[in-house]
Amino acid sequence: MKHTNSKQKLKDIINFCQAIFTLCIICLYQANISNSYPIYAQQTYENPRESTGRIVCANCHLAQKNIYIEAPKEVLPNTVFETVVKIPYEFNKKQILGNGSKGDLNVGAVVILPEGFKLAPKDRMDEKLLKKTKNLYFNNYSQKLDNIIVIGPITGKDNQEITFPILAPDPQINKNTHFLKYSIYVGANKGRGQLYPSGEKSNNNPIPSNAEGRIEKIKPNEDGGYEVIIKTKDDETISQYVPIGLNLTIKEGQRIKAGEYITTDPNVGGFGQSEIEIVLQNPTRLISFIFFSISVLISQLFFVLKKKQFEKVQSLNQNF
């Protein structure tokens, strides 16, 4: 009896371990899926910023949205600083997902740094910065371009501000960098795109009519979409499929033109880009400026004291 109970307990432990292992695999798989979206650009474009200055994410996210960037005006070499990307988020809006259901908007961003600047390692971050970047997983755009950092998609509700920890280069070590003024370019999106890199449209688009004519019939499909039957002026019947999740703007008997939208626009997201300037400051120049300012201040102070002393002597001479 005891032997049977021991076997059963061992079997239960093995089953429990297998369940935990399976759960871990699923979590890792989902994590890989959630981080796979930036790979669209990474696989298609060697550099995400075109020669015109346009960031390639705009090729898939057609709607424009405002984004904002914050960074210090000056940084010292070999120091860690924050670059904050702000993505305005509307909590009352839902996006259409790939399966036609509605869900929260996700966000993503790419930061294009000057050559030599790169993602700061965790051992260089202070506690405050570690807390801000907790649960954020940044990736280099490619092995060659470690000055370009991508993140996303991540939940928009919790990430309206994304803090990028950046390590400034030291020109004394990296001879390709200099004490100059540089530009940081940022692109960020919220919600799904309208196109895939292949040029194929996603379901995040309004549906145009395939023909001119009269709406003969609207049939709901079992999957939740619609079949719209259009009768042309030549008495030809054309059937058009509207996928699940889209809202029709037409009704039976209505006349429409070819190319006229028969659904509302489901897109509630978009893409925006911005830039900011930053100076890599020379510490020697900064120290020299401080000493110069102090010397000027001391000189002015001595001048004032000397002037007061002179006025005092003049006053004494007049009394005699």
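Each residue, glycine too, has its Cβ placed from N, Cα and C.
Annotated signal peptide per Swiss-Prot: 1-36, in sequence order.
Other C-beta atoms found within 10 angstroms of the C-beta of CYS60 (heme binding site) number 20, with every protein chain shown included. For the recorded site, CYS60 (heme binding site), the DSSP three-state label reads coil. Residues or ranges marked as heme binding site in Swiss-Prot (evidence: similarity to another entry): TYR37, CYS57, CYS60, HIS61.
Marked as transmembrane segment by Swiss-Prot: 286-305.
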- Query: In sequence order, which same-chain residues at least six apart have a C-beta under 8 angstroms from CYS57 (heme binding site)?
  - Reply: ALA41, PRO48, VAL110, GLY187, ASN189, PHE271, GLN273
- Give the sequence-ordered list of residues that share a chain with HIS61 (heme binding site), lie 6 or more positions from it, and have CB atoms under 8 Å from its CB. ASN189, GLY191, GLY193, GLN194, GLY269, GLY270, PHE271
